[in-house]
There are 2 protein chains.
Amino acid sequence: MTHFKLTLAYDGTNFAGYQIQPHQRTVQGVLQKALGKMAKVESIHIDGSGRTDSGVHALGQVVSFDYPGEIPARAMRLAMNSLMPLDIEILDAEIVPADFHARYSAKGKRYLYRVARGRFTDPFKRLYTGHYPYGLDVDRIRTALKDVVGTHDFTSFAASGGVIEDKVRTIYEATVQDDQANNELVFEFYGNGFLYNMVRIIVATLLEIGNGRRDVHDFLRLYEVKDRQQARGTAPASGLYLKEVYY
Amino acid sequence: MTHFKLTLAYDGTNFAGYQIQPHQRTVQGVLQKALGKMAKVESIHIDGSGRTDSGVHALGQVVSFDYPGEIPARAMRLAMNSLMPLDIEILDAEIVPADFHARYSAKGKRYLYRVARGRFTDPFKRLYTGHYPYGLDVDRIRTALKDVVGTHDFTSFAASGGVIEDKVRTIYEATVQDDQANNELVFEFYGNGFLYNMVRIIVATLLEIGNGRRDVHDFLRLYEVKDRQQARGTAPASGLYLKEVYY
């Protein structure tokens, strides 16, 4: 038995998300089946660092699993890449201690969000960005991002779900790059954890601030009211990338 | 009646090519139906500068047509973009003299071909590049490109078809850019006309020269032999872009 950590990139467009579901093409499903093929079993269970929704991409998703048998890390990477469809690439394979768990061992994550600007949608960006056709004052967004950094109750920024849980998270870094060559804004968020849809709701709120539809310090009010209805928008899945998981 | 020229970009991934076909999603079909909707008729026939195959992209395809009625060029662009799916963007609309024809008036075309390098396929490039995992000597490719420029009989570089026609074409420019930041080679070909699959066959031949599998001046031999079987490969549709049509 060998315990593995794999780091992978995928284009989320043609997956019904990361998590395995019956009769759906999922990242977890494709990986488990490929590992099963290598080990000549039906399937090998893997643990991911977390789910990504349908259409959400990954530049550095991490999964861990027990592989029945001995195989060097380099051979694991090559064998898995040979079994992967074109929309998944195995970037790295490591043999790790048995107590490593892709989700429970994670100390933090970094997400990237690409927003395409301009009046019309670019056909080549539609699957890989969100699109915002209205005016944006990037300085207002930079000011608001300072309110995102820190430890806050993100209840207003979590998609509603039945499970009661602690909604306090710490964001270590929240930045925006004004990529004028590509006519895009590129956001990055690095934190100790993220609630469901949290990055997409934060980005939608930042765009409304940039457009002047919200007060530049509206985040401070939204932390207080703890009401999902107040932060209405959710930026599209297509712009979101799980960039890195930290251990 | 107003005679229009439209310039458009499209992501060819989800089209069965440019040319209209029954029961298939085609660029021509989508455009003709949208124009028909604007004019409250079934469909309006358009002429394209030429076909693109399934999976081939356009950064500047041109079409022309007669529109029944008066409408300013700017309004035509806005109205058409509002009716376009996300994988087509109308870049420009112009009212042109009645004798303008997207195909017959064309004086030349420019194609771009992107080749992704590296051992593994990048999930985010699979639909937008060809992939070449083997070694390439870019200087050899640059030397061979000098043999591509000029007036040649491109019979060896045309996909076989039943129609007898003149296979002599003139290439004014043939370049390659070594984009190391993106780990890509980007080819451009500007000529007075291109045969079916000609760019994709030329690129496949150039890659074999770059890898050392062919003599660096093999193009000169291939012009002489006039035999499609000698230039065997065809680079994938996904890397090809119709960049500009010249009038």
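Note: Cβ is positioned from N, Cα and C throughout, glycine not excepted.
Feature annotations, courtesy of TrEMBL:
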ACT_SITE  B:Asp53  active site, nucleophile
BINDING   B:Tyr111  substrate binding site
DOMAIN    B:9-105  domain 'Pseudouridine synthase I TruA alpha/beta'
DOMAIN    B:144-247  domain 'Pseudouridine synthase I TruA alpha/beta'
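Secondary structure by DSSP for the domain 'Pseudouridine synthase I TruA alpha/beta' (B:9-105): 27 helix, 23 strand, 47 coil. Looking at B:Asp53, B:Tyr111, the recorded positions in this record, the fewest other C-beta atoms within 10 angstroms of the C-beta turn up around B:Asp53. Across the domain 'Pseudouridine synthase I TruA alpha/beta' (B:9-105), the model assigns an average pLDDT of 97. Shown for the domain 'Pseudouridine synthase I TruA alpha/beta' (B:144-247): DSSP residue counts in helix, strand and coil, namely 35 helix, 31 strand, 38 coil. The residue listed as 'active site, nucleophile' and the residue listed as 'substrate binding site' have their C-alpha atoms 13 Å apart, to the nearest angstrom.
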